[in-house]
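Student: Can you read through this structure? Questions will come right after.
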Amino acid sequence: QAGFPPGVVNILPGYGPTAGAAIASHVGIDKVAFTGSTKVGKLIQEAAGKSNLKRVTLELGGKNPNIIFADADLDLAVEQAHQGVFFNAGQCCTAGTRIYVEESIYDEFVRRSVERAKRRIVGSPFDPTTEQGPQISREQQTRVLEFVQSGISEGAKLECGGKALGLKGFFIEPTVFSNVRDDMCIAREEV
């Protein structure tokens, strides 16, 4: 529709170990852009260097913070924080999964955040009323549920959610933790 000549823009779906490895090492490809894990980014950089020293752009993981101060409009802050966390079911490298709240409003923010999470509409991403869709695969769903267990075992308080939903697909309940320390896996690792 944009009028690009054939072959200028190519979308090649496939699994990273096969499609991604072939793209990164192919001498006929001059540029690769990748978004994903640091581990895979290193493999792509290595393959690109060994093939034709192609240019590589890497966007590797993140734990983006939201900071909420006492003078904030709490309803707006909760809504915006939830948008940052739950956008694309949390499967976005820019997800704002760390929320720092000024101590004087912390308990109230957590209370409102839990209320909002419990009202989130989980369902088909093709339904315009849906606020949270499924994880992309069973593996990702399992990975997220392992992070939930990690948070619990490291002492964070599970305020709500944290379980797989019985819907068809790889759904997870909207999940909120409180009392998370910076040294916990759920605070350090991209989920």
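Note that Cβ sites are derived from N, Cα and C of the backbone, with glycine treated the same way.
I grabbed these lines from TrEMBL:
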type	residues	note
ACT_SITE	Glu59	active site
DOMAIN	1-191	domain 'Aldehyde dehydrogenase'
Student: Take the Cβ of Glu59 (active site) and count every other Cβ within 10 Å, whichever protein chain it belongs to.
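Tutor: Excluding its own Cβ, Glu59 (active site) sees 12 Cβ atoms within 10 Å.
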Student: Averaged over the domain 'Aldehyde dehydrogenase' (1-191), what pLDDT does the prediction give?
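Tutor: PLDDT averaged over the stretch: 92.
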